[in-house]
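Record features (TrEMBL):
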{"type": "COMPBIAS", "residues": "323-333", "note": "compositional bias 'Basic and acidic residues'"}
{"type": "REGION", "residues": "310-333", "note": "region 'Disordered'"}
{"type": "TRANSMEM", "residues": "6-24", "note": "transmembrane segment"}
{"type": "TRANSMEM", "residues": "45-63", "note": "transmembrane segment"}
{"type": "TRANSMEM", "residues": "69-91", "note": "transmembrane segment"}
{"type": "TRANSMEM", "residues": "98-116", "note": "transmembrane segment"}
{"type": "TRANSMEM", "residues": "136-156", "note": "transmembrane segment"}
{"type": "TRANSMEM", "residues": "163-182", "note": "transmembrane segment"}
{"type": "TRANSMEM", "residues": "202-222", "note": "transmembrane segment"}
{"type": "TRANSMEM", "residues": "234-254", "note": "transmembrane segment"}
{"type": "TRANSMEM", "residues": "260-283", "note": "transmembrane segment"}
Amino acid sequence: QTQLLGVLLAAASNLLISVSLNIQKCAHLRLACQIELKPYYVSKLWWCGIILLGLGEVGNFAAYGFAPIAVVAPLGCVSVIGSAFISVFFLKKTMRTADILGGTLTVTGTYLLVTFTPNVPQELTARQVQNYLVSWPFLVYSILEILIFCILLYFYKRKAVKHIVVLLMMVALLASITVIAVKAVSSMITLSVKGKMQLTYSIFYIMVALMASSCAFQVRFLNQAIHLYEATAVVPINFVFFTTSAIISGVIFYREFQSAAFLNVFMFLFGCLLSFLGVFIIARNKKEEHLQIPFIDCGHIPGHKLTGKIQPDSHSSSYGTLNKEDDSVKSQS
């Protein structure tokens, strides 16, 4: 029952996040259509979306205290398929065949991974977290992860390699540390609320610091990827990398599949594969939404032909572009 509560909490939180993102997008579109341009933070609709986003993230955080990482992390796909279907109502988009097919595959995969997820105790004390932190499998995993991250960071900084895979791989490596810390902090807070005080242990504050620092760097590299590449490419690749790294970290640090049967492991991985495929299908060939930029109609200038409605160049003294013929006549005169 505790694990089911975590699953429902994670699914509802991710659905709430998708609603909040669509509300924020709707607020931006409404502001862009107004004659008098106003900043987005004066919109009540935008603030409503921000509040829902905060509630969704808090719910996601709490879900790690009731369910394994291996099931909470893949449930992020609910946000992706939720955005595809909710945008039909909020942003008046048309439902595509790819959305229906991808949504069906993702829901099927989510059902499989929830059904065959490992049934492990979720009450983690501070002493258990300390023991996991110094266990030799996690130490080996940490050394390998730090080594790979340093190599990727070297190519990113020194060689200026900003490929999407390099950026999102660094995000995934940081995310694996983040989910470990989030689950530890969430579990210790949950136990403390139940009366078993865990907040007096130093490991709690170490995990809080680890969670905050890894989140900060994770957001930095993710924003860089979103700046350089389209969201339709970043979202599915980031989802796959994040989910894979989270599952691996849960297996190594919290030993979530230690006593699981082979069939359960196989069906769980098959469910993850279906979810990955569904997210890629939803995001594939999805057009980016761009806000309409108002153009200035310069009217008719006597003696010149304008090439169309253009935006004035701030770095030039001219207020438009002229045909080449007109430029040559002007230079001859």
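The backbone N, Cα and C atoms fix where each Cβ goes, and this holds for glycine too.
Unlike curated records, TrEMBL annotations are generated automatically.
Sequence-distant contacts of the transmembrane segment (69-91), counting only residues of its own chain at least 6 positions beyond either end whose CB sits under 8 Å from a CB of the stretch, comprise 3, 6-7, 10-11, 14-15, 17-19, 21-23, 25-26, 29, 60, 63, 99, 102-103, 106-107, 109-110, 113-114, 117-118, 179-180, 183, 235-236, 239, 242-243, 246-247, 249-251, 254, 256-257, 268, 271-272, 275, 278-279, 282-283, 289. Note on the transmembrane segment (234-254): residues 68-70, 73-74, 76-77, 80, 120, 124, 132, 137-138, 141, 164-165, 168-169, 171-173, 175-177, 179-180, 183, 222, 225-226, 272, 275-276, 279-280, 282-284 of its chain, located 6 or more positions outside it, place their CB under 8 angstroms from a CB of the stretch. Three or more CB pairs closer than 8 A are found between the transmembrane segment (136-156) and the transmembrane segment (163-182), so contact between the two stretches is assigned (pairs 6 or more residues apart). Taking Cβ pairs closer than 8 Å, the transmembrane segment (98-116) reaches residues 7, 11, 70-71, 74-75, 77-78, 80-81, 84-85, 263-265, 267-268, 270-282, 284-285 in its own chain, all 6 or more past its ends. Nonlocal intrachain contacts for the transmembrane segment (6-24), taken as residues 6+ away from its ends with a CB within less than 8 angstroms of a stretch CB, comprise 45-46, 48-53, 55-60, 62-68, 71-72, 75-80, 82-83, 86-87, 90-91, 110, 114, 117, 122. Sequence-distant contacts of the transmembrane segment (45-63), counting only residues of its own chain at least 6 positions beyond either end whose CB sits under 8 Å from a CB of the stretch, comprise 6-7, 9-10, 12-17, 19-24, 26-28, 30, 72, 75, 182, 186, 190.
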